[in-house]
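Chemist: Annotated signal peptide per TrEMBL: 1-16, in sequence order. What TrEMBL lists as domain 'GDNF/GAS1' is 19-96, 127-205, 215-311.
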Amino acid sequence: FTVLFIYFTCVSTAQTTDCLHLREQCVNAANGCESVWDVVEDACNISVLGNGCKAEDTVGCNRIIQVLADEYPEFKNCVCTTDDICSITTLLGKQCSTNKDNISPETKLQWGLSALSKQAYTTNRSCLDVNRECVEDEVCNKQLSLYLKVCLVNKKCNMEGCQAAIRFFYGNMPFEVAQMMIFCDCIQHDESCHRAKELLHGKPCAVTAVPPPSCLSVIHMCEENELCRKKYTTFQSKCWRHVTKQCYEDEACLETLLKDDMPCSANADCKAAYVSNWGTMLHMECTCQNLPPVEQPLCELFHHMLHSKSCFS
């Protein structure tokens, strides 16, 4: 038994050391990983000095660690499921303390957002009202503050970091609340509402590139990214089954389709898939201008799939 104990202790220590080394590589990578790590630091309450953390919200901390592993598979061995603090201690080391005496953050999240959830199925909620209700809710406001801290920086916008923060923000909300925030809207001349809408929807940092990419480029970039490709495949199958059934990954076939002939399923699974796209390049604003005429039909089809509200109007 002593030998086994020493063996597992050594394995655990080695794994933690490897994960700490991966953290150093991530921070210095300049490939977007450091942006996701910034969100990890905030969600897990890591010391600026890098010598410890106090993960009070273990659910939120675990979720952003999972986001990190989804995007950067080298971290996959730093994620585990044995208990609430397993991933945290594996990735961040034993110096990261957690408060097990606190009420479960998952329960706290559901309780704290119960007032918001009751209004989730009201259509066409004002984005100003939704934003105000989130700010007045302790748990929602904490999540919103974390997201805005990454997306509203005074220096140059870091799109990858902001997108990661949006995925974390909406992934940490009960689906009904995420849906209410994403499908909120404003009347034309209500400036305060439009500002609130931009805050909730990650504009301009997470969605606006200059110059805007073509919608063809967005789809091709997404297909090269494992996380985005999975979300896009789900989105196609849940919302645009006509496309999936007839022309799956066949652009020559897709060019023959007209957007007016494409029925959208518009069901609950489709809404969930659409919400899941937020915080990925699929949600970026894209254009079909300045493309050769031969590429226009396919580009416009992709624009319709990604940005048409015909599914949810």
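Numbers run from 1 along the shown chain.
Yeah, the Cβs are placed from backbone N, Cα and C, and that goes for glycine too.
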Chemist: Under the DSSP assignment, what numbers of helix, strand and coil residues are found in the domain 'GDNF/GAS1' (215-311)?
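Modeler: Counting residues per DSSP class in the domain 'GDNF/GAS1' (215-311), I get 64 helix, 1 strand, 32 coil.
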Chemist: Which whole number is the mean pLDDT over the domain 'GDNF/GAS1' (127-205)?
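Modeler: On average, pLDDT over the domain 'GDNF/GAS1' (127-205) sits at 85.
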Chemist: What is the three-state DSSP composition of the domain 'GDNF/GAS1' (127-205), stated as helix, strand and coil residue counts?
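Modeler: Its residues fall into 55 helix, 1 strand, 23 coil.
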Chemist: Using DSSP, tally how many residues of the domain 'GDNF/GAS1' (19-96) sit in helix, strand and coil.
Modeler: 47 helix, 5 strand, 26 coil
